[in-house]
Ligand code: NAI
Ligand code: MG
């Protein structure tokens, strides 16, 4: 059997810096766990524009459709602000998401004990927190028609439309239930069925899908109440599924409960491929961080944890994903901090590559 395939798109700014640390981790798995990947690397974003005049070449797009998983760093930067909208670096990422039809965006909010003090919430509220928000990513109000700014009488009117088909709700609900089955078998669906018809349909369809997952305990919550509960006592949740707009807000809110942007991974999953695995793109939540790019200051953990998600969700290597997460936990417990994790503390930060090396050393120590 051939090795699982992985397309790496480092992108711009700190993207290549954090991806270099992921490469060390990937190499470690090949050397020490007999888990080799067929890795290919290509350009995306501003880097692709510089080389090809487009933020994502057709050949790269085709490759992304063929591999088992895509791992992306970050795109964008001030250098590209002057470009026309159609070739902006972000368009490369949007094209990947759209053509791979990645409708389920998984955003974990996980608190590493060593960083519990770093949260804006009380330590006991976040310590041990491990929840997952599933956001619908390809439909809803960001895409619905009609949209635009029109003239009506003597003033302008801004219009966006929230629109969800049954099948769009059904497929993202299934992704969330599948995830719940692998975790604590608890799913909370959030919408505003009290004031939105799309929310009424959302609740109905999720309730129907639940019949296929009798082991999962399903609850429903209005999204505004959900925002309150997420800040009051987030540990009451395990998996949350919600639409594109609410998911945008709630996933950012939940993520920040645990601290730094440099720590946050994500996965975007689509329909199952012929091998049964979902189409998948893994990427850190953060951007290209031009303010620190090229200085060895970037925290590589968000990107490394994105690879851990790939191990779990694309490569059926849940135990190895846990091993990697525990290696991250260990270096943090040992006190290693990149600059973004130091806050007011007077300690000396470690560099991007020192953090990557320490995580590889912790992987070694785990054997
Ligand atoms: P950003 O996430 O790049 O940076 C926000 C702040 O967090 C900066 O101060 C940065 O130094 C810090 N930060 C981010 N990641 C970090 C890491 N791994 N380690 C340490 N510190 C980190 O967001 P910003 O500044 O709004 O955008 C910068 C560029 O990135 C823009 O061109 C934007 O369009 C692009 N961007 C790309 C994204 C993507 O590729 N998915 C997502 C968000 C922004
Ligand atoms: Mg957002």
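A Cβ is built for glycine as well, from the same backbone N, Cα and C atoms used for every other residue.
Remark: residue 297 (NAD(+) binding site) has 338, 339, 340, 349, 351, 352 as non-local neighbours, by Cβ distance under 8 Å and separation of at least 6 in sequence. The NAD(+) binding site annotation in TrEMBL covers 77-90, 287-299.
Per TrEMBL, substrate binding site is recorded for 97, 107, 135, 224. For the recorded site, residue 224 (substrate binding site), the DSSP three-state label reads helix. Cβ neighbour count for residue 224 (substrate binding site) (all protein chains, 10 Å cutoff from its Cβ): 13.
According to TrEMBL, the Mg(2+) binding site annotation covers 224, 248, 252. Taking all protein chains in view, 18 other C-beta atoms sit within 10 angstroms of the C-beta of residue 248 (Mg(2+) binding site).
Here TrEMBL flags 5-359 as domain 'Isopropylmalate dehydrogenase-like'.
Look at TrEMBL and you will find 142 (among others) tagged as site 'Important for catalysis'. For residue 142 (site 'Important for catalysis'), the number of other Cβ atoms no farther than 10 Å from its own Cβ, over all displayed protein chains, is 15. Secondary structure at residue 142 (site 'Important for catalysis'), as computed by DSSP, is helix.
When other Cβ atoms within 10 Å of the Cβ of residue 192 (site 'Important for catalysis') are tallied across all protein chains shown, the result is 20. Here TrEMBL flags 192 (among others) as site 'Important for catalysis'.
Residue 289 (NAD(+) binding site) falls within neither a helix nor a strand when secondary structure is assigned with DSSP, and so counts as coil. For the binding-site residues 97, 107, 135, the greatest number of Cβ atoms within 10 Å around a candidate Cβ is found at 135. In this view, residue 293 (NAD(+) binding site) is surrounded by 18 other Cβ atoms within 10 Å of its Cβ, with every protein chain counted. Filtering 77, 135, 224, 248 by Cβ distance to ligand 1 (under 6 A) retains the following binding-site residues: 77. Ranked by Cα separation from residue 81 (NAD(+) binding site), the recorded positions 107, 135, 192, 224, 248 are led by 248. Between the C-alpha atoms of residue 142 (site 'Important for catalysis') and residue 107 (substrate binding site), the distance comes to 19 Å.
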